[in-house]
Each structure stands twice: as C-alpha cells, then as structure tokens.
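Engineer: Not my notes, these are from TrEMBL:
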{"type": "SIGNAL", "residues": "1-19", "note": "signal peptide"}
{"type": "DOMAIN", "residues": "9-255", "note": "domain 'G-protein coupled receptors family 1 profile'"}
{"type": "TRANSMEM", "residues": "66-88", "note": "transmembrane segment"}
{"type": "TRANSMEM", "residues": "108-130", "note": "transmembrane segment"}
{"type": "TRANSMEM", "residues": "173-193", "note": "transmembrane segment"}
{"type": "TRANSMEM", "residues": "205-228", "note": "transmembrane segment"}
{"type": "TRANSMEM", "residues": "240-257", "note": "transmembrane segment"}
Amino acid sequence: MLYLSILLGNFLIILTVNSDPRLHTPMYFLLANLSFIDVCVASFATPKMIADLLVEHKTISFEACLTQIFCVHLFAGGEMVMLVSMAYDRYVAICKPLHYTTIMSRRVCIVLVIIPWFVGFIHTTSQLAFTVDLPFCGPNQVDSFFCDLPLVTKLACTDTYVVSLLIVADSGFLSLSSFLLLVVSYTVILLTVRKRSSASMAKARSTLTAHITVVTLFFGPCIFIYVWPFSSYSVDKVLAVFYTVFTPILNPVIYTLRNKEMKVAMSKLRSQILKPGQVSTLIRNVLPLET
Ligand SMILES: *[C@@H]1O[C@H](CO)[C@@H](O)[C@H](O)[C@H]1NC(C)=O
C-alpha cells in the first residue's frame, strides 16, 4: 500500500504540474522532476522486495544484482543533486528576485534537471568500476533487501579493503558535498528572508519550510545513524528501507499538503477529469511532456 501511494502521489504531482500552465515555472518543474526520481528510487527494488516477502527462497541473479547497485547509486545520487538544484532555484528566487526570470531561463532550468542525472551517472559508473572485476567465487548471500555495495564487495574472495575505502570515499564525497551546498544555500536564503520581512516573503517562507523539511528528512537519518554510537546492528537494512520506501513518499506529502497552489491545481485537475469533454484536452496537454 505504501508503494502504491508512492506511485500515486508522485505521478499526481507530475500530472498536476504538467497540466496546469500556472505551474509551468522552474520551481514546479524541478519538483515534478524530483517526483520522477522518487518513482525511480521506489521502483528499482521495492517490487522485488515485496515479492520476496511472499516466497521462501529469495534469489537474485548476478546481473540483476549489479543492476540494482547501478540503479541505487544513479537514483540516490541524482536525488541528492536534484535537491541542490531546487535549492539553487530558491536562492535565485529569494536573493536575486529581480533577475529571476532572466537567470532561470528555460535553458538553465533544463541544465538544472540534467546535471543531477549526469552526476548520478558518473557516480554510479565509478562505483561499479570498482566492483565489476572483483572475483566472486564463494559466499553468495546478501543480508539486505537489495544489492548494495559494501554488502556485495564483502562477498568477493579477495581483500576488498582498498575497494571498500574507495566506495565509501566516493559516496561520502557526493553526499557530503551536496549536504554542504544545501546547508550553505539555505543559510544564505534564510538570512536574506530574515532581513526582509515584507508580506511577499510569507509565501517564500512556507515554500522554504517545505524544502528544508525534505532536506532534513533526507540527510538527517543518514547523519544520525552514522554518528549515533550504538547503531552498528542492521543499519544497512534500516537505511535501505528508509531511502527506498519512506523518502519517496515524503515529497508528495510535504509539497502537496502544505502548498496552496498545488492544492488548487489538483482540485482543478480533478474537476477537469470528471468532465468527460475535457479529458482529451488534458491528455493532449500532458502526453507530449511525458514522453
Ligand atoms: C523536468 O523539467 C523539465 C525542464 O524544465 C520539464 O520540461 C519536464 O516536464 C520536467 N519533467 C517532469 C517529469 O515533469
């Protein structure tokens, strides 16, 4: 049920943003793209995990296992950088409001969408490059819900100390630099918001709260789990479920329950869908963007 609500919630965001011309702004396009990554994050392992709950012998082929590793680093890396893109958009909107439309042109917006996928791809390819040549000959049990790197490299019949170090450094570098960029940009933004206390800042503030909540919920558990001294047991499994099942549901919840524009657009979408004559218009509006 949680998985179905992830799909439903995120597709609803994508549909709403693409079908309402008033939401055709960089902020909402980035939000729709974040929702798309969320669907990917939730879908590369969760269906298999659910199916595995029903069978006694839970097996996966080596190729599928490598594919899962590829996907988790592509999508999770992409999601982190997408949060940075969204922070940059908010930074321009709040700290350089008069130049917003010139800076955030259609081209810049597309670049902000492509960079996360590009960085995610580089990150996951470099991770796999460390792994794919390892000799796997003996143990073949992964103690988690899907294949991820420290667990799989542990199965290799060779000393994987250096490889593990490289993997930790690679993931650590990406998450730490995204996190620092996010902290710096939201600090600058919050300082700017505090200086100006006009009414127009009230809306900016509520959007900001949503963004900062998502960022905290994304990075918070990770930091907490690694810093907390007693948490060495099954941390991998907790993190695996948290990041593939709970974070993808956060965005629909946080962005739609708190955001008036989204709510208005969604009720408009609902009345549009309920009027049969307008379904074709809706489909014509939405499909070209989806393909
Ligand atoms: C992602 O952003 C691009 C560029 O702004 C936009 O055209 C596209 O519709 C967005 N993708 C989704 C799934 O909404």
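Every residue gets a Cβ built from N, Cα and C, even glycine.
Give me the lay of the land around each of these features.
Structural biologist: Counting same-chain residues at least six beyond the ends of the transmembrane segment (108-130), those with a Cβ under 8 angstroms from any Cβ of the stretch are 26, 29-30, 33, 37, 66, 69-82, 84-85, 88-89, 149, 153, 163, 166-167, 170-171, 174.
Proximity of distant same-chain residues to the transmembrane segment (173-193), defined by a Cβ-Cβ separation under 8 Å and at least 6 residues beyond the stretch ends, is recorded for 77, 80-81, 83-84, 87-88, 90-91, 94-95, 119, 123, 201, 204-205, 208, 211-212, 215, 219, 222.
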Engineer: Which sequence-distant residues neighbour the transmembrane segment (66-88)? Criterion: at least 6 residues beyond either end, Cβ under 8 Å.
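Structural biologist: Residues 27, 30-31, 33-34, 37-38, 40-41, 44-45, 60, 112-113, 115-117, 119-121, 123-124, 127-128, 131-132, 146-149, 152, 171, 174-175, 178-179, 181-182, 185-186, 189, 211, 214-215, 218, 243-244, 247 contact the transmembrane segment (66-88) from elsewhere in the chain.
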Engineer: Would you kindly list the residues that approach the signal peptide (1-19) from elsewhere in its chain, counting only those six or more residues past its ends and only Cβ-Cβ distances under 8 Å?
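Structural biologist: Residues packing against the signal peptide (1-19) from afar: 28-29, 31-32, 35-36, 38-39, 42-43, 46-47, 50, 245, 248-249, 251-253, 255-256, 262, 265-266, 269, 272, 282, 285-286, 289-290.
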